[in-house]
Amino acid sequence: MAEIRIRNTNERIKGNDNVKAFLEKQGVLFEHWDTDKLPEELREKFVLSDEEKNQILATYDAEIRDLAERRGYRTWDIITLSEATPNLDELLKKFESVHTHTEDEVRAITAGNGIFIIKGSDDVGYFDVELEAGDVISVPENNPHFFTLMDNRQVVAVRLFIETEGWIAHPFQDPAFQK
Ligand SMILES: [Fe+2]
């Protein structure tokens, strides 16, 4: 289950209902998929063949199509990051700067962990959402954020897009953000 850390106060928000309520207030979609559906051998596997990626997409086909229908996504794929990813450190360095997109950024974690750092309302400021398998999150369009890995440095996630071509990161310079 996801956990929130508010950066200005170090306050942590735990528990499904509290996390969901907090994120709802911030305009961030948060849902959950049943991880028991995934074949056991894929729950801790971070280097995947195309066949295995398709197997994950097939496992969650109903959930993906439901989300797509509600929110207008037209394509989806699987992303994996782990120590086996070439230039992982360089990639993460590139990830770790605040940016925006003209469409929402939706990720469904199917294995491992990840963190979205998101700019919240003025009274909250930046907060981290620590995600685990089963967590589904969508950062609203034009909302400053970035994504990075947790200490285990491994994740598998489903990404859904409205327009794959239009999905570009626009840097967001924010003096209020502190690493
Ligand atoms: Fe992004």
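Cβ coordinates come from backbone N, Cα and C, glycine included.
Annotated features, as they stand in TrEMBL:
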- His99, His101, Glu105, His145: Ni(2+) binding site (BINDING)
- His99, His101, Glu105, His145: Fe(2+) binding site (BINDING)
- Asp104: site 'May play a role in transmitting local conformational changes' (SITE)
- Arg107: site 'Important to generate the dianion' (SITE)
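Calculated from their C-alpha atoms, the gap between Arg107 (site 'Important to generate the dianion') and His145 (Ni(2+) binding site) amounts to 13 Å. Among the recorded positions Asp104, Glu105, Arg107, residues whose Cβ is positioned under 6 Å from ligand 1 are identified as Glu105. His101 (Ni(2+) binding site) carries neither a helix nor a strand DSSP state and counts as coil. Here Glu105 (Ni(2+) binding site) comes close to Ser138, Val139, His145, Phe147: these same-chain residues lie at least six apart in sequence, with C-beta atoms under 8 angstroms from its C-beta. Counting only same-chain residues at least 6 apart in sequence, those with a Cβ under 8 Å from the Cβ of His101 (Ni(2+) binding site) are Glu141, Asn142, Trp167, Ile168, Ala169, His170. Taking the centroid of the Cβ atoms of His99, His101, Glu105, His145 as the Fe(2+) site, the other same-chain residues with Cβ within 8 Å of it are Thr100, Val139, Asn143, Pro144, Phe146, Phe147, Ala169. It is His145 that, of the binding-site residues His99, His145, has its Cβ surrounded by the most other Cβ atoms within 10 Å. Cβ neighbours within 10 Å of Asp104 (site 'May play a role in transmitting local conformational changes'), excluding its own Cβ and spanning all shown chains: 21.
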